Amino acid sequence: MHLCVSEKGQGGKAFEGVMEKAAAEATEKGTNVAVKGEAAIRPEFLTTKEKFHGFIDSEWRGSKGEKASGQDTKEVGGEEPEAKKLKLDTEEKSTQGKPDGKRLRGQNKSRPHTKPTTYDEKRLCLSVIQDNRECPFGDKCHFEHDVAQYMACKPADIGQSCYLYDTFGKCTYGLSCRFAKAHTTSDFKTMENTDLVKTHDRNPVKNSLSKDLQNRLRKRSVAFKKSEEYLKTLSNNRNKTAQQGNGMNIAPPVKTVGPLTDVDIIKLRFCEKKQVDFKDKLYLAPLTTCGNLPFRRVCKRFGVDITCGEMAMCTNLLQGQQSEWALLKRHESEDLFGVQVEGCFPDTMTRCAELINNNTDVDFVDINSGCPIELVYKKGGGCGLMTRTRKFEQIVKGMNYVLDVPLTVKIRTGVQEKSNVAHKLIPEMKNWGVSMITLHGRSREQRYTKLADWDYISSCSKLANPVPLFGNGDILSYEDAMKARETGVSGLMIARGALIKPWIFTEIKESRHWDISSSERLDILKDFTNFGLEHWGCDTRGVEKTRTFMLEWLSFMCRYIPVGLLERVPQKINERPPYYMGRNYLETLMASQNVGDWVRISEMLLGPVPKNFIFLPKHKANSYK
């Protein structure tokens with residue numbers, strides 16, 4: 001892989017001149033005055049929006065010897081999103097919103113979802129890639145079989161070396177690989193390094209969905225024996241309750257010593273469960289979209305202890321959906337790994353737990369009862385479970401009955417902003433048999449508008465004892481982590497902090513602020529690129545999928561402000577960076593909040609974007625077309 005721009009940049013003198021001018025202007029205008037909601041950056045690094053983008057564009061063209069992609073960033077990337085607005089007072093709020101008085105909600109709900117396959121003009125048939133075997137579809141096959149014709153119209157190779165070939169001795173994507181020159185002979189044959197192939201004879205990724213299991217799930221022929229046992233006790237209890245309500249006295253079939261309860265029937269002995277030590281661990285939160293397997297591998301390198309797959313819908317898992325099962329995949333480097341499931345009914349959640357228990361290798365299963373998304377909440381899942389305690393209890397007890405591994409729960413403080421309910425639920429959950437609770441210090445309504453309530457987390461951790469309780473919210477430095485640990489929590493879950501700076505786990509374990517250089521940050525992105533190519537593939541489809549997930553991550557990573565530029569250390573998670581010049585061109589480029597500049601960073605590692613490439617970030621109204 002080649003890099004288009006060096007860390008120092010090609011306009012060293014020009015860069016120094018820009019920095020001196022910016023420093024002089026900052027001193028004149030007094031830009032070192034603290035602004036509410038903005039991070040305090042040393043005045044010599046501050047600049048304006050126009051000068052910031054002007055410098056990035058001129059340096060990029062200079063490094064390429066021409067205009068990037070023949071267009072300016074503003075033309076291809078659209079306008080940068082507006083600065084985050086401060087929270088309005090009650091009077092001002094009443095004048096905002098839709099004409100019918102309803103509050104505006106959500107962002108980018110109808111963003112385009114471009115399939116990675118659309119970037120391939122012609123796709124090579126799998127039969128040709130896999131040792132030129134005969135195509136089972138014959139003339140009806142829609143893919144290309146003429147190798148010479150395919151190679152003539154195939155996009156240019158991205159780099160001279162293939163990560164899969166160099167690591168495993170064989171690239172399974174053969175001629176369709178975007179680094180094919182590294183392992184292709186002049187007569188279009190794919191080479192192998194037999195010594196490396198022998199050392200990597202096993203798959204490092206577990207929990208893949210087999211075709212046999214997928215077919216049985218689709219035909220509904222998978223047996224859920226333990227789930228049926230539990231669900232039968234639920235229906236029996238409902239019948240008894242109904243009959244007792246009608247005034248009927250039911251004689252027991254056999255003489256009993258005392259009343260038979262649900263606990264007697266369904267509770268597993270504690271010694272039968274797999275034991276996991278959660279104490280004093282750093283836990284990477286299950287992050288939808290960004291918390292993929294390659295990103296988790298990056299975080300493992302920086303010292304995270306516990307990793308968890310992205311939230312999976314239990315109904316989709318039971319239907320055998322390949323895309324949902326991909327969220328359960330586990331890399332061999334993830335030594336303490338769990339999966340998170342979402343659902344709102346005892347029958348589907350219990351069956352899903354049994355399915356996971358029998359067909360995957362996990363250390364724990366987590367119930368998501370903290371998801372604030374409207375679609376999930378309206379069905380009664382996510383945060384909705386916190387208000388449906390009877391269903392919640394049945395789900396927890398049912399899943400505990402069928403699982404051989406610990407069951408954990410992730411919750412918020414409550415649904416409404418000023419009506420906390422977690423302190424009422426936690427004592428109940430202890431009786432239900434959960435092995436660990438994670439509490440995000442915000443309500444559903446609150447989202448991220450205010451700081452997490454760590455005082456409330458502290459009081460809840462005392463209520464949870466002896467069940468471990470992890471705290472979550474606003475941790476972006478080791479100082480934040482130390483203050484959080486003083487609340488008495490058993491461990492820390494980190495979400496946005498890990499997306500902004502994945503090296504936060506190293507900072508916490510070594511109790512230091514890491515003034516990481518731009519070249520080191522680019523190396524982190526290079527590792528993610530390699531892991532992505534290994535996970536999603538190194539053909540055009542895999543390359544563009546890796547690029548898309550990288551861009552989603554960069555939409556968070558650009559919020560990081562280097563330690564050496566801060567007037568006050570550490571940076572707070574609710575402080576947004578003003579426009580500033582980095583200490584070199586690459587550091588400045590990484591500070592840009594414009595999606596066109598994120599695309600430029602991706603092009604350093606994954607080559608030019610396709611002509612029809614479109615990207616719209618998940619959390620910002622800012623697009624690349």
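Just so you know, glycine gets a Cβ as well, placed from its N, Cα and C.
Marked as compositional bias 'Basic residues' by TrEMBL: 104-114.
Within the same chain, residues 154, 172-176, 188, 539-541, 544, 610, 612-613 sit at least 6 positions outside the domain 'C3H1-type' (119-148) and bring their C-beta atoms closer than 8 Å to a C-beta of that stretch. The annotation domain 'C3H1-type' is assigned in TrEMBL to 119-148 (among others).
If you look up TrEMBL, you'll see 161-186 (among others) marked as domain 'C3H1-type'. For the domain 'C3H1-type' (161-186), the mean pLDDT of the prediction comes to 91.
The feature region 'Disordered' is assigned by TrEMBL to 57-118.
For 119-148 (among others), the entry in TrEMBL reads zinc finger.
Under DSSP, residues within the zinc finger (161-186) fall into helix, strand and coil as 13 helix, 1 strand, 12 coil. What TrEMBL records for 161-186 (among others) is zinc finger.
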- Which numbers of helix, strand and coil residues does DSSP report for the domain 'C3H1-type' (119-148)? 10 helix, 2 strand, 18 coil
